[in-house]
Amino acid sequence: MTTTSNLWKNSDLRLQASRERPGLTKELKSDKSERMERIKRGSDLFDEMKQRFLSFKKHKYMQNLELYEKLAKGQAPKFMVIACADSRVCPSSILGFQPGEAFVVRNVANMVPPYENGPSETNAGLEFAVNSLKVENILVIGHSQCGGIRALMSMHDDVETSSLIGSWVSVGMNARVRTKAATKLLNFDQQCKHCEKESVNCSLANLLTYPWVEEKVRNGELAIHGGYYDFVDCAFEKWTLDYEESNLKDKGGRVAVKDRAFWF
C-alpha cells in the first residue's frame with residue numbers, strides 16, 4: 001500500500017512539474033532576453049564612444065600633432081580648476097579649456113576641505129598643482145541645482161552624518177550656517193542657490209589654510225578665483241579673492257572679492 005501511495009505521489013509531482021515548466025521556461029527566456037538587451041545597450045554605448053574617440057583622433061589629435069607631441073613630454077597649465085563632479089558641469093566644455101591648459105579636480109559640490117582636515121584627493125591634487133606644476137591661478141566653480149549643496153542644506157547644524165556624501169559635504173557647513181542666517185525669508189530652493197555661491201567663497205577661504213597656498217597668494221605668485229555656472233540660463237559669474245581686504249584670521253572671518261564679472 002505504501003509503495004502504491006508513493007508511486008501516485010511521485011506521479012502527481014511529475015504532473016505538477018510538467019504543468020509549471022512552460023511558465024518557468026518562459027520566465028527564464030524573458031530574463032535571458034533582458035540580460036541580452038542590457039548587454040546590447042552597453043555595447044552600443046561603447047560603439048558610440050569608439051566613434052567619438054576616432055573622430056577626436058582624426059579631427060583634433062592628428063590636426064594638432066605638434067601640440068600633442070609637446071604635451072607628451074610634460075604639462076605646464078596656468079590654471080587649476082576645482083569643479084563639481086556633476087555630469088552637466090564640464091569645465092573644458094563650458095570654458096573652452098584645451099589639453100594642457102587646466103589641471104582639473106572634480107568632486108561632489110566642488111568642495112575644498114581645510115588643511116587641518118588631513119589628506120584627501122582634492123588637496124593632493126592641490127599640492128601637486130601648486131607646488132609641482134606651479135599653476136598661477138586656482139578657479140573654484142560652483143553651479144546651479146547642485147545636489148551636493150542641496151544635501152548640505154538639508155542637514156542639521158549639529159547632527160553627525162553616517163553617509164559618505166553627508167560627511168563630505170559637511171566641509172561646507174560654514175556656508176550653510178551663513179546662508180541660513182542671510183536667507184531666512186527665502187524658500188528652500190532660493191536658499192540652495194545662495195549657498196551654491198557661498199560655498200565657493202568658503203572653499204576660497206579654505207584654500208588659504210594651506211601654508212604654501214597662502215604664501216604664494218601673499219607674494220603675488222598665485223591668484224584665487226571663484227566662479228558660478230548657471231546652466232539653466234547659461235550664464236557665468238566670475239570673481240577674484242581680494243587677499244589684502246579679506247579677514248580670515250578672526251573667527252567667522254569672511255573673504256573679500258574683486259573683479260566680479262558676469263558673462264551671459
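Any Cβ shown, glycine's included, is placed from N, Cα and C.
Whatever TrEMBL says is automated annotation, not expert-curated.
Note that the coordinates shown come from a computational prediction; the quantities given were computed from them, not determined experimentally.
Residues or ranges marked as Zn(2+) binding site by TrEMBL: Cys84, Asp86, His143, Cys146.
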Shell of the Zn(2+) site beyond Cys84, Asp86, His143, Cys146, same chain only (C-beta within 8 angstroms of their C-beta centre): Ala83, Ala85, Arg88, Val89, Ala109, Asn110, Gly142, Ser144, Gln145, Gly147, Gly148, Ile149, Glu196, Tyr229
Take the Cβ of Cys84 (Zn(2+) binding site) and count every other Cβ within 10 Å, whichever protein chain it belongs to. 25
For the binding-site residues listed here, Asp86, His143, which shows the highest count of neighbouring CB atoms within 10 A? His143
